[in-house]
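*Asks:* After the C-alpha cells below, expect a handful of questions from me.
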Amino acid sequence: MLNEQLRDVLQRMPKAELHIHIEGSLEPELIFALAQRNGVKLDYASVEALRAAYAFTDLQSFLDIYYAGASVLLQEQDFYDMTAAYLKRAEADNVRHTEIFFDPQTHTARGVPIKTVIDGIHRACQDSPVSATLILSFLRHLSEAEAFATLEEALPYRDKYLGIGLDSSELGNPPEKFARVFARCKELGFRLVAHAGEEGPPAYIETALDVLKVERIDHGVRCLDDAALTQRLARERIALTVCPLSNIKLCVFDEMAQHNLLELLDAGIVATVNSDDPAYFGGYMNDNFIATFEALPLGLSHAHRLARNGFSAAFLPEAQKQAFLAEVDAFFAAV
Ligand code: ES4
Ligand code: ZN
C-alpha cells in the first residue's frame, strides 16, 4: 500500500506530460455525445458496450478501436471540446505543461480538413491555463509519401505545432521508412520524436536516433534488452516518455510489478511518466504515478526525480524550463 503522504505528493507535485495522444483522451461518453451531435453511427450500442470492448491484447487490437472512436470528430468544435476536456483533467492532476500528439491523417482520410483539426485543438490549448504545445504525428502504417503530403497540408499552420512524431503500428514499420520526411522536418526546424521500442526491438530505438535524428524516444522501454543502447541513452540524456498503464493494458508487461521504470531510472536514463491514451488505458497522469508507485519500490526521491525529468525533457524555452524546475524543487523542499 502506498502511504498517504507519498500519494498526496504524487497528486500535488507539478508535472509535465510529454506523451499524450489527444484522440486517446476521448472518453466513451464524449464519443457518444459527438456521434449524436454529428449523426455518426457507431458499432456499439452504448457507452458500457464500448467500454467493455477495451480489452486489448496488443498495440494493434487497441489501435483498431482507437481509430473507430476518432471517427466521431468532424467539426472544429469537436476537436476543441475533446482537447478542452483533456486539459481540464490535466489541470486537476497538477500538470503544468503538456506536449500533445495529434494524428491528422486519422481525420484527413475521412475528409476532415487539416485546418479544422489544428484550429480546434490549438484554440483549446490557448484557452487553458496549462502550458500546452502540439506535436503532429505521422501514422507509420501509412507510406512516407502520405507523410510528405500531410506535412505539405500542415505547413500553412506551422506556427501552431512545434514538433513532429511517429506513431501507430510499430512492428514492420521501422523508423527508417520515414528517413526522408524526418530529414525535411528537421530542416524546417521542428523538434523531433518517435515511438520506438514499445513492441519493437531496440534496433528501432537506434534507427530513430541515428536515422530520424529524434531528440526523445516515446516508450523505449525495450532498450534494456541492449546494454550498449541503455548506456548510450543515459550518457546522451535521451529522455524516454514511459507510459506505465498503457504498457500494462497493451501487454508489454504482464503486470505493473514487472514494469521496468525503476530499472530505467537506476540505469541513469531520463525516464518520464505519461498517460499515452488515458481514456482507453485506465487513467490520467496521477493514476499513472499512483499505479507505478503502488506496484514498485519507488519513494519520494523517485517522485522528485520523475517530476524533474518531465520538465527537463520538455520542448520549452530554457528560462521557462528552469522556472518549472525551480517550482518542482521548491515543492519538494516543503514536503
Ligand atoms: C499509440 Cl500506445 C500507442 N502506440 C503507438 N501509436 C499510438 N497511437 C496512439 N496510441
Ligand atoms: Zn503513444
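Glycine residues also receive a Cβ, built from the backbone N, Cα and C atoms like all the rest.
Just lifted these from TrEMBL, have a look:
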- Glu198: active site, proton donor (ACT_SITE)
- His19, His21, His195, Asp276: Zn(2+) binding site (BINDING)
- Asp277: substrate binding site (BINDING)
- 14-330: domain 'Adenosine deaminase' (DOMAIN)
- His219: site 'Important for catalytic activity' (SITE)
*Asks:* Of Glu198, His219, Asp276, Asp277, listed as recorded positions, which ones have a Cβ less than 6 Å away from ligand 2?
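*Replies:* So the answer is Asp276.
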*Asks:* Quick check: of the recorded positions listed here (His19, His21, His195, His219), which one has the Cα closest to that of Asp277 (substrate binding site)?
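*Replies:* That would be His21, nearest by Cα distance.
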*Asks:* Distance between His219 (site 'Important for catalytic activity') and the residue listed as 'active site, proton donor' at the Cα atoms, whole Å?
*Replies:* 5
*Asks:* Which residues, sitting 6 or more apart from His21 (Zn(2+) binding site) on the same chain, put a CB under 8 Å from its CB?
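*Replies:* Once residues fewer than 6 apart are set aside, His21 (Zn(2+) binding site) is near Tyr66, Ile100, Phe101, Phe102, Asp103, Ser137, Asp167, Asp276, Asp277.
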*Asks:* Please give me the CB contact count at 10 A for His19 (Zn(2+) binding site), counting all chains in the structure.
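*Replies:* A count of 27.
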*Asks:* Determine, for the Zn(2+) site, the additional residues of the same chain whose CB lies within 8 Å of the mean position of the CB atoms of His19, His21, His195, Asp276; present them in sequence order.
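*Replies:* The surrounding set, listed in chain order, is Ile20, Gly24, Phe101, Asp167, Asp218, His219, Thr241, Cys243, Ser246, Asn274, Asp277.
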*Asks:* Looking only at His195, His219, the recorded positions on record, which one has the least crowded Cβ, with the fewest other Cβ atoms within 10 Å?
*Replies:* His219
*Asks:* In whole Å, note down how far the CA of His19 (Zn(2+) binding site) lies from the CA of Glu198 (active site, proton donor).
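*Replies:* Answer for this pair: 13 Å between alpha carbons.
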*Asks:* Need one number: mean pLDDT over the domain 'Adenosine deaminase' (14-330).
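*Replies:* So the average pLDDT across the domain 'Adenosine deaminase' (14-330) works out to 98.
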*Asks:* For His219 (site 'Important for catalytic activity'), just give me the three-state DSSP call.
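*Replies:* Reduced to three states, the DSSP call for His219 (site 'Important for catalytic activity') is strand.
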*Asks:* Around the Cβ of Asp277 (substrate binding site), how many other Cβ atoms lie within 10 Å? Please give the count over every shown protein chain.
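*Replies:* That number is 25.
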*Asks:* Within 10 Å of each Cβ, count the other Cβ atoms, then let me know which of the recorded positions Glu198, Asp276 comes out lowest.
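*Replies:* Selected from the recorded positions Glu198, Asp276 on minimum Cβ neighbours within 10 Å: Glu198.
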*Asks:* For Glu198 (active site, proton donor), just give me the three-state DSSP call.
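*Replies:* The residue in question, Glu198 (active site, proton donor), is coil (DSSP, three-state).
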